[in-house]
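Okay, so here's the structure we're looking at.
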Amino acid sequence: AATAPRIPSTRLALHHFDTSYSLQLKDLWPSVRIGLLCEQKYGALINNFSSVDDVTQELELLNATDFVSEAPKKAQQGAAVEEVGRAESVSREGSGEGRMVMQGEMVTQAETSPPLCASISSKIKCYTFPRGDITRFRPARPDTLGLLDYYLMDAASLLPVLALNVQPDDFVLDLCAAPGGKTLALLQTGVCGHLAANDVSISRTKRLYQILRSYVPKEIRETVSVTSCDGRDWGQLEGGTFHKVLVDVPCTTDRHSAMEEENNIFHRRRTKERQMLPMLQLQLLMAGILATKPGGEVVYSTCSLSPLQNEYVIERAVEVAETQFNISIHVEDLSHFRTLFQDTFSFFSDCRLGELVLPHLTANFGPMYFCKLRRM
């Protein structure tokens, strides 16, 4: 009997995405689809361990900006303009005496409400080109000590690290750390008391070591413990020991699946593995929750648009934590990220839990889903 023609994995992936994401994203799907199939946009994560002054000047001359430090400035300017606008409208409406009280109250409120930038680590610097600008960054170059000046990555991959909001002397676990971009970003905060970077794949862990050697001085590298355990067992190995845990799980890597045949999870031989992903993701997230101290925080992330791998995994984890482990989990509100970073990324406004960055031709980052949990 003649064998059926082999359908490329990328076509199988696209067919799957067309079926499911058109229902989820509705009118947005055609533009997201085009974004997935076009060249990805990158950000340059500045390496604070190398001599960086020249490189930041060079990037600014090219019209790139640090989206992390720019966002709070823009948000505060916007808020100030809004406050002035509201104060003016009140003063037009009210009588003289009432007007003064109202304006006074507004100023007090504006001064005391927590600033949007409070949860952003200012040490992390990542340069991106403006919306619609598809300039490519030059390859990274070594400084006099041989450390590379920046790391090119999908800038949306930094959002889970920013959401984790590492504080001085925090014990931090990166449960699925390879190839190492998020681990490197965690080190750029300069405040990790201890960082454990784990990945089940020994070959991918080698890539992580390579990145640490290329970007991080020896004395800092020695504060990082790199392991190759099955992340699902971590809760049993070192339960309740970390202040912050990043769980960046294996997923359908939608952009890769739509574009690359090599190592594509939509290959027919990997159907079972793909179907089991939500279960694996849930197990990894549970291990992350169990590894966290009470009061500690977990950020879960994927580079998929799929609600089955995103919100549903979060909902199930909250339920399992409560019923099987008697652990209460609070899902944190990250909507301020949408406000802060709307100039750089396109966010999906209908995400039930967490936040989702959508690929878009003018800002072709992502997909990137991230959600923050607090262990009560």
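Glycine residues also receive a Cβ, built from the backbone N, Cα and C atoms like all the rest.
Lifted from TrEMBL, the feature list:
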DOMAIN    73-376  domain 'SAM-dependent MTase RsmB/NOP-type'
BINDING   Cys176, Ala177, Ala178, Pro179, Gly180, Gly181, Lys182, Asp199, Asp230, Asp248  S-adenosyl-L-methionine binding site
ACT_SITE  Cys303  active site, nucleophile
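Residue pair Cys176 (S-adenosyl-L-methionine binding site) / Cys303 (active site, nucleophile) shows a Cα separation of 13 Å.
Cys176 (S-adenosyl-L-methionine binding site): 21 other CB atoms within 10 A of its CB, across all protein chains. Least crowded of the recorded positions (Ala178, Lys182, Asp230, Cys303), judged by neighbouring Cβ atoms within 10 Å of its own Cβ: Asp230.
Whole-number maximum of the Cα to Cα distances across the S-adenosyl-L-methionine-binding residues Cys176, Ala177, Ala178, Pro179, Gly180, Gly181, Lys182, Asp199, Asp230, Asp248: 20 angstrom. Residue pair Lys182 (S-adenosyl-L-methionine binding site) / Cys303 (active site, nucleophile) shows a Cα separation of 13 Å.
In this structure, the CA atom of Gly180 (S-adenosyl-L-methionine binding site) is 15 Å away from the CA atom of Cys303 (active site, nucleophile). Taking all protein chains in view, 26 other C-beta atoms sit within 10 angstroms of the C-beta of Gly180 (S-adenosyl-L-methionine binding site).
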